[in-house]
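Peer 1: Below you will find the structure I want to go over with you.
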Amino acid sequence: LLHNTTDGHGNHKEDSPFLNSTDATKKNDFYDKNLALFEEELDIRPKVSSLLSRLVNYTNITQGAKEHEEEESAEASLRKAPKSPNMGTLMGVYLPCLQNIFGVILFLRLTWIVGTAGIVQSLLIVLMCCSCTMLTAISMSAIATNGVVPAGGAYFMISRSLGPEFGGAVGLCFYLGTTFAAAMYILGAIEIFLKYLVPQGTMTIFHATDPHGGDSAMLNNMRVYGSLCLSLMAVVVFVGVKYVNKLASLFLACVIISIVSIYAGAIKSITHPPEFPICMLGNRTLVRDFDVCAKTVVQGNYTVPSNLSEKFCPLGNMSSAQCDEYFSQNNVTEVQGIPGLASGIIRENMWGDYLQKGEILEKAGLQSVDVHGAMENFAMYVSADIATSFTLLVGIFFPSATGIMAGSNRSGDLRDAQKSIPVGTILAITTTSLVYFSSVVLFGACIEGVVLRDKFGDAVSNNLVVGTLSWPSPWVIVIGSFFSTVGAGLQSLTGAPRLLQAIAKDNIIPFLRVFGHGKANGEPTWALLLTGLIAELGILIASLDMVAPILSMFFLMCYLFVNLACAVQTLLRTPNWRPRFKYYHWALSFLGMSMCLALMFISSWYYAIVAMGIAGMIYKYIEYQGAEKEWGDGIRGLSLSAARYALLRLEVGPPHTKNWRPQLLVLLKLDEDLHVKYPRLLTFASQLKAGKGLTIVGSVIQGNFLDSYGETQAAEQAIKNMMEIERVKGFCQVVVASKVREGIAHLIQSCGLGGMKHNTVVMGWPYGWRQSEDPRAWKTFINTVRCTTAAHLALMVPKNVSFYPSNHERFTDGNIDVWWIVHDGGMLMLLPFLLKQHKVWRKCKMRIFTVAQMDDNSIQMKKDLATFLYQLRIEAEVEVVEMHDSDISAYTYERTLMMEQRSQMLRQMRLSSAERDREVCLSFLQIYTCLCIEYGVSSCSLGPLQAQLVKDRHSLIRMGSLYSDEEEEVAEPPPEKVQMTWTKEKCEAERRNRNNTPENFRELISLKPDQSNVRRMHTAVKLNEVIVNRSHDARLVLLNMPGPPRNTDGDENYMEFLEVLTEGLERVLLVRGGGREVITIYS
């Protein structure tokens, strides 16, 4: 019967009788009748509608906050909903990029770069730097539009594209670059303040004591004022970062007004060039700290020496011999400093004029008598403060092209980041590139060459050179550039700590964790402190020209990896690589990467090496010490592609003998608590491999896979932990099988992939097999030996493995003894050599023993063996042991007899145990039937009872096998049909039969041993005597492992032979070759 219900709108709803659910709410939410087929999955997998609603509510997080994966958690939904981002392309990306790109270099150094390098080479410098940033912006746009980019900018993009190692290394490089940028901006602001804003010398603390000490005094002044300015800015950032963000628009306005004033001044100079005359003595440029550019001036009716003459002639008498010789022989001329656009000065400024430190600025074309002049008057001339070259200028200019990441850093505030970041960034780079190109041409076309080369404007009365061109006044540029550099410094001091906090919160670099903490509102206090200290290092350098190449290195490193990330993702064609920005190509990314690398070494090769060294050290530190992160990065994809390529190459054929090394499959045994029973097996594997080749650690869990999945995961984790402790680099594989021997066979067959398969099996010895009544322990062992032989794999069985040394022990002396009885492809020679590569066994010496029979020439054997080892390049002592024919001793005969009696006895004990089990069931049924007959019950329903008894017996057997590590394959006989028709006579007869059971073990007394077993036991005893005699004090004995008998009836005897063979030896490694040569005398 269906119950019809009506909802609020009068529509009928139908309660299905087939979907029973006690929770009505749950039923209404999940168990939609249209999705009844998937009702059991809706508890763990959401409906598409609920998934989409969550994705729509996703909001980009602020920089330094938790990962966006955590934001999707239920906890995040309980928080107050953040304000939705609403910034567009112009305000969110374009203008911040402009503000970050335009900076101190444009105002303080671009004129000097144009004057030194010339217009052509300056255009080349600008083209190189701007092309590099444009190519990087294209790559960055592709990455930024490939999914949602939470705030974190370049660090987030690189770390999620190239993995935590590259991400951490490049993130810290980007952080150091931003921090040194703050130092550069502060130094620029202080230079403007001391040189151009305040009257010369009024605010200086250090003064030059001699004419040549002006530079050092200036640097010391900049250190003091720079440190004060840095402290003040750090306090501002600490107190309120919101004020910095509010003032950002004011600082940007200063930049734009300053640039516009340059263009206005250049246009005005066509008709009315500004009056900035420069004074030349001969062809040398003079520092303009005098009023009249002439040797004499007319005062009234008298001609008197000018201020200039008094500087060169101490007594004021121009005819005196004490006048400077160069001053006396050359004329003073005045040249227009800003001839203007129409003057044609561009032809003179087309090519460069690189100067050495201390070289005086000279104007070509002016007449000059070339005499030396007095050194005391050197300060009168404008001279180069540093040696210049093309590469130096590249390093100094590049910071003015950086700042392209400003848009991606603000992605959390953008309305549509995937559209705004590419458009805004590329437009900003285009705009700034055009400004730089046009500025280079305008400066070269408007300003005199010697003025351009005058870095600090000494020739134009200590005016900022670019300010002399501006309109309406030089103060527009001076004040505008001062505020823009202060603002850029504040922005860098705000952004750098947040970047460090984001890296610290990712928890990939352990020692940075403390910098993830901050104030209650999330402000990174400790990160700001570290940023201030690093920026102070830049301040102490004090020279803008030396700090600029340092941050160029770090930014170029960052851009290099942005390009690499895009190229790797594009070439790998990973399924998740679907950028909305389509105008990218891997070739462009590689070109950008190559340009970054070239610019690094062009600008400063030693800084480049230091920056790459820092990044490399951080990379290795994260690789070894950092937290494991899986971010689906491109390097992992690259590794997979490389692995696939290598595996396909390996598939071509088996490895050559020269390349053969043991690729191990280590079979581990786990106890009831899933702990590794013999961890020294892993220790031995790590000592043998020393991190080279393949190691697979396998184990078998007995049971059903559907029920044991959780147990499998726990076992894998336990094995991986133990592998980490024992420093085994390899893979872990745990299989579930109904029988352990089947599981081991599966591992031997299926482990590895393609050419990367194991060729050697390492397994433990089945200790206590003699004491155990259960034959499964040693049967599994022998079955594994047979499986490895069938698969043509080598086998190693370390016996007494608990006595093997740990990785922390060192053998300072002792021998590794090899008993080479039969040739096994050279395994016995190779293994000691590999072990001796490890520090534990390095000091041990190698001895090789071989056995000679009576008809062998032992002397010749020893010579041949020594020659063979010499050709193998293996150092070892050689000994040939002669085994004389002797009669079989009574001890051997007795030992064989005991072995066979024990086998027979255990076989009968197992048989009698099985009979007892059967007897219990039968006797219970018989008693029950007899009672029925005695009490006259005509029909006894025994079917259900019999079935229950059989079921109980099977459950008992199953419980017993749970605590056994193997299960013997015993073919169960078909169940006997129990005759249910019983009479009193039959009951009595059965009781009499049970009382007259014959003794089972009487025949053991008359047992005689098998002759083949006696011969084998004789060999084992004799060999053991010889080995113990020679190698009782050896650190390790390697021994050929005899193969198991073809007839499975003798398996138990085989175990006894192995025990006798290795008796009395502390550490034994039984080795069985895989049927191929593994060592060669050829190169």
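Heads up, the Cβ atoms here are built off N, Cα and C, so glycines get one too.
What TrEMBL says about a protein is an automatic prediction, not a curated fact.
Pulled the feature table from TrEMBL, pasting it below:
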DOMAIN    93-267  domain 'Amino acid permease/ SLC12A'
DOMAIN    365-665  domain 'Amino acid permease/ SLC12A'
DOMAIN    679-797  domain 'SLC12A transporter C-terminal'
DOMAIN    810-882  domain 'SLC12A transporter C-terminal'
DOMAIN    974-1083  domain 'SLC12A transporter C-terminal'
REGION    1-21  region 'Disordered'
TRANSMEM  93-112  transmembrane segment
TRANSMEM  124-149  transmembrane segment
TRANSMEM  169-194  transmembrane segment
TRANSMEM  224-241  transmembrane segment
TRANSMEM  247-266  transmembrane segment
TRANSMEM  378-401  transmembrane segment
TRANSMEM  421-447  transmembrane segment
TRANSMEM  526-544  transmembrane segment
TRANSMEM  550-571  transmembrane segment
TRANSMEM  583-600  transmembrane segment
Peer 1: Need a quick answer: max count of Cβ pairs under 8 Å to the transmembrane segment (526-544), which of 93-112, 124-149, 169-194, 421-447 is it?
Peer 2: 169-194
Peer 1: Counting Cβ pairs under 8 Å that are 6 or more apart in sequence, does the total for the transmembrane segment (224-241) and the transmembrane segment (169-194) reach three or more?
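Peer 2: They are in contact.
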Peer 1: Between the transmembrane segment (550-571) and the transmembrane segment (93-112), are there three or more C-beta pairs closer than 8 Å, counting only pairs 6 or more apart along the chain?
Peer 2: no
Peer 1: Can you tell me how the residues of the domain 'SLC12A transporter C-terminal' (810-882) break down into helix, strand and coil by DSSP?
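Peer 2: Per DSSP, the residues of the domain 'SLC12A transporter C-terminal' (810-882) fall into 23 helix, 20 strand, 30 coil.
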Peer 1: State, in range form, which of 93-267, 679-797, 810-882 has the highest count of Cβ pairs under 8 Å to the domain 'Amino acid permease/ SLC12A' (365-665).
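Peer 2: The stretch with the most contacts is 93-267.
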Peer 1: If we skip the immediate neighbours and take only residues 6+ beyond the ends of the transmembrane segment (93-112), which ones have a Cβ under 8 Å from one of its Cβ atoms?
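Peer 2: Residues 184-185, 188-189, 191-192, 248, 251-252, 255-256, 258-259, 396-397, 399-407, 410, 414, 420-421, 423-425, 427-429, 431-432, 435-436, 439-440, 443, 447, 451-455, 464-466, 477, 481, 484-485, 487-488, 491, 544-545, 548 contact the transmembrane segment (93-112) from elsewhere in the chain.
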Peer 1: Please count the residues of the domain 'SLC12A transporter C-terminal' (679-797) that DSSP assigns to helix (H, G, I), strand (E, B) and coil.
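Peer 2: Breakdown, helix to coil: 53 helix, 25 strand, 41 coil.
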